[in-house]
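Novice: This is the feature table in TrEMBL:
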DOMAIN    53-161  domain 'Cadherin'
DOMAIN    162-269  domain 'Cadherin'
DOMAIN    319-425  domain 'Cadherin'
DOMAIN    432-544  domain 'Cadherin'
TRANSMEM  552-575  transmembrane segment
Amino acid sequence: GALLVSERIDREELCGALSPCALSFEIVVENPLELYSGAVEIQDINDNDPVFPSSQARLEISESVAAGARFPLESAQDPDVGINSLQTYQLSANPHFALDVQTRVDGSKYAELVLEKELDREEQRELHLVLTALDGGSPPRSAHVQIHIDVVDANDNAPVFNQSTYKASVRENMPGGTLVARISAYDLDDGPNGDIVYSFSSHTPAKVRELFALDSATGELKVKGQLDYEEMKLYEIYLQAKDKGAVPGVAHCKVLVEVVDVNDNAPEVTVTSVYSPVPEDAAPGTVVALLSVTDLDSHNNGLILVQVSDVNDNVPKSSQDSYDVYVLENNMPGIPILNVSATDPDLGRNAHLSYTLLQGDPTVGHLFSINRENGTLYLLTSLDHEDQVEFSMVVQVQDGGSPPLATNVSVSVFVTDLNDNAPTVLHPHPNTTATYTDVVAPGTPAGHMVTKVVAVDADAGYNAWISYTLLQATDPSLFSVGLHSGEIFTARQLREDDAPQHTLVILLKDHGEPVLSASATVSISVAEMVKEVLTDLTDVAPANDPRRHVTFYLILAVILVSAAFFITMLSVGIFKCYKWRQSKELFNSSRSTLYRTPGPFHHIDAVRGGFTPPNFCHQVYLTTDSRQSDLLCKKPFTSSPLGSRQSTIRNGEPGLYHQIVGTASRLPTPAE
């Protein structure tokens, strides 16, 4: 039962850097049947010296480098493990540099030079240092490297990495050329001083350089050799970036590469038969063979798994039942506005989700589109807030099972307003060719409203809030405009020496960003009577209008017809009144004992009976082109009990207006 060594054992050859180093074995004992497992641990001795990659190292350091700068040095390698491995570094005495020994995540050591006192090229052009690597053996083994430092002028700017530590993961079975990480540095210098070259740092182990390759131009770190999770789970790679200046600036970074285990090892089943043949009368429970199963993979890759087939029994679930999306109007067509997110806990095809828009509203299909694979909702055309403010649609999320299961998500898209519409003037109308003039009488006091500028803005909210300011005026001191109402008031009392005609330019601005504006022109005449205004308007009319004679005859005809009508109605009224009084006298004389007062007449009965009311107004309106006609205006001397109507002058509307206004009052009874 003695276990003997059959040949010389070299721990470094058997296990490399793994510690502890153990060799396992199994022993089967018969009669009685027993199985024993054992292991022999190979202990390390300090039989290897630390070794530097080269006996000399050269560094170029600028005199402008500030104190505290670090410079990585070549790392020594010692195949021993534990206390016998490389433990520390020592640096020869000097006034400028100190040594900082760092420990990697795997326990290995590396050294960096730390500048404690700034260099001066005029004082000392070069330095010679000795770096010593020591292991922990007794006595310790060592190795030396000569460091030659050239003090030269450096670039003004050294390369800078966008991050000091990069993290990446790669599967152990990835082929050569697979991208692991991409490092990036920038240099503010121009020309060669700004061109960056990427490389491995000097203390990067040779094993790492065999497994990974670095593109010196792009900074891409790729797989070079065959990675094995069972051999090494994490690599700590040190990289540097140098510019191409005469004295290159250097920046350093670290890349942590995690090797992800894949199921690349089949289970190993060992069958040890110890009882064969088996008698036919062997009792139940008799040991026939011993089986052991091992798998070098880790975690789930090392189990013997029982797979459960999936059934499509889960409906896709969205992170939200509804979405509200706000989009600015006048958008660029084709932009993504929403990503509908859903999950399905099923596996395989049962969990493959597809997204579709349900065509409830036909306009939605022309305006919106959804990516069937990832649920990104796109806007196909530009929207207008003034055209439509809200769109509603339903997105259906369906899995790939058989039969498929689906869920619906409602989406509301709200179009927010931009200030893309300038104010529009409604009064006075800006596109008419005729001149609209408002009239104000001389002596009008301050604060009298003359007219009002009416405008609208198609935008909404604050973008549609219009303010009015007086931009130009014939007499700026005479009129003022309401800031938010657009009403034009007299700023002071009108005097006789004021100009008879005034032109106001009103500036209309909204409150959007940017501000949009429009202008309105208002003409105001200062006149005592309407006739003066007509005379002024006649003066500005064309002199050679061929229709002026026709207008004169039309007005004359209307006046004659109106006069004849007035005389006829007056005659009929007098005649009817005379007949009525005569009939009443006959009635009263024929009845001496019985007297009955007739009831009152309504004004409608008086008109039916041919009675003409005493208050009558006949007005004739002339166009601005009728300069050869006279204005005929008849007004009642007394006010009407039922009210009267006042006429206004309409400017810029050619034609003839004829208006007769009458008022009837109740007739007195015979008793009255």
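Backbone N, Cα and C define each Cβ position, glycine as well.
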Novice: Under the DSSP assignment, what numbers of helix, strand and coil residues are found in the domain 'Cadherin' (162-269)?
Specialist: 10 helix, 48 strand, 50 coil
Novice: May I have the DSSP-based helix, strand and coil counts for the residues of the domain 'Cadherin' (319-425)?
Specialist: 10 helix, 50 strand, 47 coil
Novice: By DSSP, how many residues in the domain 'Cadherin' (432-544) are helix, how many strand, and how many coil?
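Specialist: Per DSSP, the residues of the domain 'Cadherin' (432-544) fall into 14 helix, 44 strand, 55 coil.
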Novice: Do you know the DSSP helix, strand and coil residue counts for the domain 'Cadherin' (53-161)?
Specialist: 3 helix, 54 strand, 52 coil
Novice: Mean pLDDT over the domain 'Cadherin' (432-544): what is the value?
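Specialist: Here the predicted model's pLDDT, averaged over the domain 'Cadherin' (432-544), is 83.
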